[in-house]
Every structure is written in structure tokens, then in C-alpha cells.
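Comments concern the structure below.
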Amino acid sequence: MDKTVQSFQMPGPVVTFQNLCYCVEECRGPCRRKGPEKEILKDVSGIMRPGINAIMGPTGSGKTSLLDVIAGRKNPTGLRSGQVLVNGKPVTSDLRLSSAYVVQDDILMGTLTVRENLTFSANLRLSRKQYSSLDKEQKVNNVIKELGLQDCADTKPTTGLDANTANSIISLLHSLSRKGKTVIFSIHQPRYSIFRQFDHLTLMNKGEIIYAGAASQAMDYFEEMGYQREEFNNPADFFLDIINGDIVPTLDFRNAGQAERNPLALQYRQSVYCNQVMEQLKQLSGVVDPSVSSIQEKASYVTPFHYQLMVLVGRTVKNTLRNPQTSYAQMALNITFAVLVGLIYYQIPKTLPEALQNRIGAFFFLIINMVFGNLSAVELFINERALFIHENSSGYYRTSVYFLSKVFADLLPNRILPIFIFSSISYYMMGLKPNADAFFLFALTMCLVSLAAVALAFLVSASVASFAMANILIALPYVFMMVFGGFLVNLNSMLSWLSWLKWASIFRYGLEAVTINEMKGQVFSMGNITLTGEMYLKAQGIDYSLWGFWQNQVALFGIMFVCMVLAYVQLRRINRWK
């Protein structure tokens with residue numbers, strides 16, 4: 001390593017990796033059948049010490065894959081051999097919490113300020129036993145000061161990275177590395193002002209290392225091999241020209257039979273640089289149990305479940321308050337629809353036939369609104385999918401905490417509260433039973449219908465990554481449930497092998513519950529003819545006993561519970577590997 005490393009204020013961690021071989025399975029055809037394995041890292045070894053460690057190479061060289069494997073972000077099933085160590089020990093959860101992995105794209109909560117995003121990270125990644133609230137606040141202020149963000153600390157984060165900003169970021173990382181930090185990053189083709197700040201350089205091609213050593217010695221290494229650099233040519237451009245074959249060496253170092261292989265990698269393996277790395281790896285690597293895998297270790301968290309839930313609910317509520325369009329739209333939709341239904345079915349009379357026709361039609365109309373009015377719930381987990389994967393993989397919080405925080409923060413303002421307002425307006429405008437208990441049972445049914453539909457939307461949202469696919473998958477079961485709801489088709493007259501679908505219909509349970517609630521005890525007339533509500537229910541084959549009513553509520557709750565559990569399972573199954 002060059003002399004600049006000796007100027008560090010304090011010693012830092014040394015990252016070593018040895019004999020890394022990583023493969024991925026190629027999927028082919030419309031059915032995504034598994035094809036042959038592709039080796040993207042081929043027996044890669046190296047050492048990353050405190051300082052600026054850059055990994056360079058052309059597109060597809062394996063530089064990003066190497067960085068992901070070092071950071072533990074690659075699927076461990078693809079690792080055929082090798083391991084990553086920090087100070088001679090496997091990477092543990094504690095070490096992950098003291099490190100950071102920055103992805104290429106911006107993954108932040110856009111409604112929070114820079115300070116609030118940093119505070120959120122500090123609250124979840126710093127132990128409450130070791131750090132008080134004042135300590136965390138001080139650390140956040142120190143980070144803001146070190147990053148030079150004092151002027152924008154209380155504004156929302158912005159995107160964009162121009163050449164000047166990139167140079168400033170590398171300068172910042174350079175100053176941080178002088179405090180004992182080990183900085184590792186992949187970069188494609190930096191300009192010279194950035195390149196000259198590198199301490200260590202790793203060049204890759206076709207999944208193999210072709211140079212690993214001091215960045216200041218890389219030019220000499222390739223010039224000794226016969227590659228001549230033009231005057232004023234950027235070193236990064238020079239290295240890429242060598243890899244791409246645009247520069248021909250004056251010395252022929254290729255042996256016979258090596259035309260189809262990677263001659264630069266073979267030359268590096270025979271060099272003094274590679275021999276030094278392998279010798280140093282033997283000295284740095286302690287006796288490690290080969291069965292221990294840092295990537296496969298179960299994540300542990302420094303903060304308890306209830307504290308994580310409190311912090312995440314707080315962030316979700318704050319995000320909702322600062323971006324209230326969905327809540328406003330949901331409330332406005334329910335109020336508008338309630339008034340519309342109330343006007344259409346205003347003060348339904350008790351004279352036949354309109355007494356039955358209008359009541360059942362209104363109930364079916366209401367159920368449709370309760371179900372299809374919750375289509376917006378499919379965006380719940382899709383909107384923040386990348387943010388969840390990044391934070392969950394970094395050890396911020398448990399999957400269960402994230403799931404519960406989103407459910408709690410979404411259900412109350414967007415689902416439950418608007419439903420009671422909707423029920424209050426529509427119920428009395430339609431002139432249904434004036435009893436208070438009948439109203440509350442009506443509102444309860446509407447609430448359970450809505451929650452069951454929302455739970456199904458949550459399940460779809462946790463299962464797919466795109467809005468287009470989510471809309472298709474959620475519309476299909478909604479339509480089938482509507483057909484088997486008992487209004488469009490008499491369920492008793494259906495084919496036996498199709499009739500079982502009624503047991504999975506949210507529409508059926510909701511429609512039967514509100515019909516029993518309204519019809520029981522009612523008397524309708526047409527001239528000298530009278531018809532009781534019980535007579536109508538019996539003719540429709542509806543059980544209007546006490547259990548007959550509550551079994552619909554239990555069924556709706558059961559659908560909601562099952563869909564919620566499956567949504568949580570799907571959230572846990574989201575692919576977190578790159």
C-alpha cells in the first residue's frame with residue numbers, strides 16, 4: 001500500500017476475500033426455464049484496507065458483482081467457493097450495523113428532510129442502551145457536518161450527480177478514509193481529478209482480476225507489459241483501452257493456447273502483485289470455521305420490536321400527513337358516493353315491489369363501492385418496495401414491524417374512518433332501519449367488507465413489483481367474487497361444481513349480512529298483500545338466525561385474516577438479493 005495510508009488518524013477494518021467464485025443461472029424461454037450456469041466471478045482474491053479502494057472495469061466485467069458479494073447483497077446460493085472476512089473474522093450482524101452499503105439509485109423517503117432521514121437511521125441502527133436521544137442527535141449533527149450538508153439539512157433530498165458533485169463526493173470519501181474508514185466502491189470511467197485520489201485499485205475483466213494494487217503503481221505495471229500510454233491520456237481511459245484491446249502491447253506476453261482465455265488475468269496471476277496479495281491473505285486470514293457463512297447468518301437487531309414499530313409508524317404517519325392526496329381522495333370518494341347513493345335511493349318506501357328491489361339494489365351497489373373503492377391499496381407495498389428491501393437488508397427493522405406499521409397507518413385514515421362517514425351519510429339518507437344497533441351492525445359489515453377487500457389488495461401488492469400486474473391480479477378475483485355474490489346469479493340454481501366459489505366471495509357475505517340486518521322484523525305491503533322480511537329471506541335461502549347473521553361477519557374476518565397472513569408471508573419472500 002502507498003504511503004498515504006500511514007497518515008490515517010486511527011486504524012480501520014481490513015476486508016479480505018479469497019477464492020470467490022460466483023455463478024448465476026440463466027433463465028431461457030417464455031417459461032423462464034433454468035439454463036446453464038454462468039460464472040460471473042472466477043477465483044477472485046484481494047485485500048481492501050482503510051483508504052479509497054476503487055473497483056474498475058468495463059460493463060459486465062464483474063466489478064458490481066464483486067462489490068455486492070463483499071457487502072453480502074448477493075444470493076448466497078450462487079457462491080460456489082470462497083468467503084469474505086473483516087479483520088480475519090466472518091462478517092456478522094454487528095459488523096453490518098457499523099457499515100453502510102450505498103446503492104446507485106436514490107432510495108430515500110422523499111417527504112422527509114435530510115436530517116429526518118439520518119435521524120430515522122440513527123434511531124434504528126444505534127442501540128438505545130448505549131446511545132441516548134441526545135447522543136443520537138449529536139451523531140446526526142456530526143454526520144451532517146462531515147458531509148457538508150448544513151445548508152440543506154432541513155430540506156428534502158434531491159437527485160442528480162454532475163461531474164463537479166462526483167468530484168466533491170470522492171473528496172469527501174477521501175477525507176473520511178483518512179479517519180480510518182475503509183471505503184470500497186465500483187466506478188466505470190472516472191476523470192483524472194477523481195482517479196488521483198484512489199489509494200488502491202482493482203481492475204477487472206470477464207469476472208477476473210487483471211490488477212490489484214496501489215493506484216499509483218498501475219501505470220507502471222501495464223507499461224512494463226509493453227503498453228504505451230499517450231501523453232495526457234487519462235489513466236482510467238488507458239486501462240479500459242487495454243481491456244477492450246484498443247491498445248496493442250509492444251511485448252507479446254501471451255502464451256500459445258491462450259487466445260481464447262483472459263491473458264491479462266493470467267499475466268496478473270503470475271505477477272509479483274498477485275503473489276504479494278496471496279501471501280498477505282495467508283497472514284491476515286485467521287483460523288475460520290469453513291461452515292460459517294456471513295451471508296447466511298440470521299439478522300439480529302439492536303432495537304426491540306416495539307421501538308422499531310413506534311419509529312416506523314411515526315415515519316409512515318409523517319409521510320401520510322405530508323403527502324395526503326391518497327387519504328383526501330379516499331375520503332372524498334366515500335363522501336361523494338354516499339351522497340350519490342343516498343340521492344338515488346332516497347327514503348326507500350316499504351311498498352312492494354320497490355321496497356325489495358331498491359333495498360337489494362342499493363346494498364349490492366354499496367358492496368361494490370366497498371370492494372372496488374379499495375383498489376388504491378395495491379400500491380401500498382409496491383411504492384416503497386426498493387426502500388423496504390434496502391432498509392430491511394441493512395438491518396434497520398424486522399419484516400413484521402414494517403408490515404404492521406404500513407397496515408396500521410393505512411387502515412385507520414384511508415379505510416376505517418371514511419367507511420363510518422360513508423355509512424352515516426348513506427344509511428339515513430336511504431331511510432333504512434332507524435334503530436341505532438341496526439346502524440352499527442350495518443357500519444360493521446361495511447367495515448369488514450372493506451377490510452377483506454383491502455387485505456386481498458395487500459396480498460397482491462406484496463406479491464408483485466409492478467402496478468400493471470397488480471391491477472390485473474386484483475381485478476380478476478374482485479369480478480369473480482361479484483358474480484358469485486348472489487345478486488347477479490341465484491346461487492341455488494348454479495352448477496354444483498361451480499357453486500363452491502360462493503364460499504370465497506366477499507360480496508356474498510357482505511350482501512347477506514346487510515340484507516338480514518335490514519329485512520329482519522320488517523313488513524312490506526302492496527294493497528292487501530303483506531310480506532315480511534323473514535318470508536323474503538327464507539325464499540332466498542338465507543339463514544336469518546342470530547348465527548346466520550354473525551357467520552357472515554366471521555367469514556369476512558377470516559378472509560381478511562388469511563389474506564393478511566399471506567401478504568406477510570409474501571413480503572418475507574421478496575427477493576432481497578441483487
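Glycine is treated like the rest: Cβ placed from N, Cα and C.
Per TrEMBL, domain 'ABC transporter' is recorded for 15-231. Averaged across the domain 'ABC transporter' (15-231), pLDDT for the predicted model comes to 86.
Positions annotated as transmembrane segment by TrEMBL: 328-348 (among others).
Through the fold, the transmembrane segment (360-382) approaches residues 326, 329-330, 333-334, 337, 341, 344-345, 348, 388, 406, 410, 414-415, 419, 422, 426, 430, 446, 449-450, 453-454, 457-458, 460-462, 464-467, 470-471, 474-475, 478, 481-482, 485, 487, 506-507, 510-511, 514-515, 518, 567, 571 of its own chain, all at least 6 residues removed from its boundaries and within a Cβ separation under 8 Å. According to TrEMBL, the feature transmembrane segment maps to 360-382 (among others).
Annotation source TrEMBL lists transmembrane segment at 439-460 (among others).
Same-chain neighbours of the transmembrane segment (472-491): 360, 364, 367-368, 371-372, 375, 378, 453, 456-457, 460, 463-464, 499, 501-502, 504-508, 510-512, 540-541, counting only residues six or more beyond its ends whose CB sits under 8 Å from a CB of the stretch. Summarising the annotation, TrEMBL assigns transmembrane segment to 472-491 (among others).
Residues or ranges marked as transmembrane segment by TrEMBL: 554-571 (among others). Residues 381, 388, 399-400, 402-403, 407, 445, 448-449, 451-452, 454-456, 458-459, 461-463, 503-504, 506, 509-510, 513 of the same chain lie 6 or more positions beyond the ends of the transmembrane segment (554-571) yet place their CB under 8 Å from a CB of it.
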